[in-house]
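A.B. asks: Reproduced below are the annotations present in TrEMBL:
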- 11-206: domain 'Succinylglutamate desuccinylase/Aspartoacylase catalytic' (DOMAIN)
- His21, Glu24, His116: Zn(2+) binding site (BINDING)
- Arg63, Glu178, Tyr288: N-acetyl-L-aspartate binding site (BINDING)
- Asn70, Arg71, Tyr164, Ala165, Thr166, Thr167, Arg168: substrate binding site (BINDING)
- Glu178: active site, proton donor/acceptor (ACT_SITE)
- 219-299: domain 'AstE/AspA barrel-sandwich hybrid' (DOMAIN)
Amino acid sequence: MTSCHVAEDPIKKVAIFGGTHGNELTGIFLVKHWLENGTEIQRRGLEVKPFITNPRAVKKCTRYIDCDLNRVFDPENLGKKKSEDLPYEVRKAQEINHLFGPKDSEDSYDIIFDLHNTTSNMGCTLILEDSRNDFLIQMFHYIKTSLAPLPCYVYLIEHPSLKYATTRSIAKYPVGIEVGPQPQGVLRADILDQMRKMIKHALDFIHNFNEGKEFPPCAIEVYKIMEKVDYPRNESGEIAAVIHPKLQDQDWKPLHPEDPVFLTLDGKTISLGGDQTVYPVFVNEAAYYEKKEAFAKTTKLTLNAKSIRSSLH
């Protein structure tokens, strides 16, 4: 008796984005290497296109020029009339949408891997936008299993108000990859190696899927965003406390209501509060100071996927 499975179309077009943030160097370094020599990312019957998304920010080694490219892929910005007056990143978003989209259309790329670094101690992290996507849950399960015993975490950003219009969201299957800790504007060999392996395993999964391999039902543990927590601030809106030493570098670890999260300069400890244990992510991320986010609270849950195989087999 055949198992109940989801038949998916074969994957034909994959893009690997580096430089969505111009000071997150691992993805930039890898994509530039693959543009010169893409042997390691090629798989039979698959088009894999490496691409630098924000070249001007990359050149200046800054997160962005006018606004955050990873927040502007919404219908309003993508539909704006082309003009030199538009912010640089909005113009780039329209160009990227034209090359790899259009978003929400049959012509869009099947998968976009968007490569990022974080200054937070998050290790290897896969970002999932849809908890019901059997194909991506299967892929993430494959990557996690292949990387073991190195941990790989899945951050689920499915949320009515906290989900944002990502660069990768123009693909049918958007995949965010975060690896840290790594300072902005710096390269680390260990982080580079981890990101490179994540891409290798992801492409191997796609190749196996296209070749007709059936992936049996699986389950993965994910951390779903609940809310973002800002730093304590004074009347002028300036930061009035820092991340507590007991929280620093403790991404993904359980955080209880009585646990300290902030420390003021006069030695006062501020605890988490609330009535439940949460799991913090993006703790003290450098790029999120401007976004007024000290860390994000997540809850841990399990996602299940049905077995999948390519509809051609």
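Start at 1 and count along the chain as shown; that gives each residue its number.
Including glycine, each Cβ sits where the backbone N, Cα and C put it.
Whatever TrEMBL says is automated annotation, not expert-curated.
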A.B. asks: Between all pairs in Arg63, Glu178, Tyr288 (listed as N-acetyl-L-aspartate binders), what's the biggest Cα distance, rounded to the nearest Å?
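C.D. replies: For the residues that bind N-acetyl-L-aspartate, the greatest Cα distance is 15 Å.
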A.B. asks: For His21 (Zn(2+) binding site), find which of the binding-site residues Arg63, Asn70, Arg71, Tyr164, Thr166, Glu178 come within 10 Å, Cα to Cα.
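C.D. replies: Hits: Arg63, Asn70.
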A.B. asks: Using a 10 Å radius around each Cβ and counting other Cβ atoms from all shown chains, which of the binding-site residues Glu24, Glu178 yields the largest count?
C.D. replies: Glu24
A.B. asks: Determine the minimum-neighbour residue: among Asn70, Thr166, Thr167, listed as binding-site residues, which Cβ has the fewest other Cβ atoms within 10 angstroms?
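C.D. replies: Each of the binding-site residues Asn70, Thr166, Thr167 was scored; lowest Cβ tally within 10 Å is Thr166.
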A.B. asks: Determine, to the nearest whole angstrom, how far the Cα atom of Tyr164 (substrate binding site) is from the Cα atom of Arg63 (N-acetyl-L-aspartate binding site).
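C.D. replies: Spelling it out, the Cα of Tyr164 (substrate binding site) and the Cα of Arg63 (N-acetyl-L-aspartate binding site) are 17 Å apart.
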A.B. asks: Quick check for the class: what is the C-alpha distance, in angstrom and rounded, between Tyr288 (N-acetyl-L-aspartate binding site) and His116 (Zn(2+) binding site)?
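C.D. replies: Counting only the Cα atoms, the answer is 14 Å.
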A.B. asks: What span in Å does the substrate site cover, taken as the longest CA to CA distance among Asn70, Arg71, Tyr164, Ala165, Thr166, Thr167, Arg168?
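C.D. replies: Across Asn70, Arg71, Tyr164, Ala165, Thr166, Thr167, Arg168, the two farthest Cα atoms sit 11 Å apart.
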A.B. asks: How many whole Å apart are the CA atoms of Ala165 (substrate binding site) and His116 (Zn(2+) binding site)?
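C.D. replies: So the Cα of His116 (Zn(2+) binding site) lies 16 Å away from that of Ala165 (substrate binding site).
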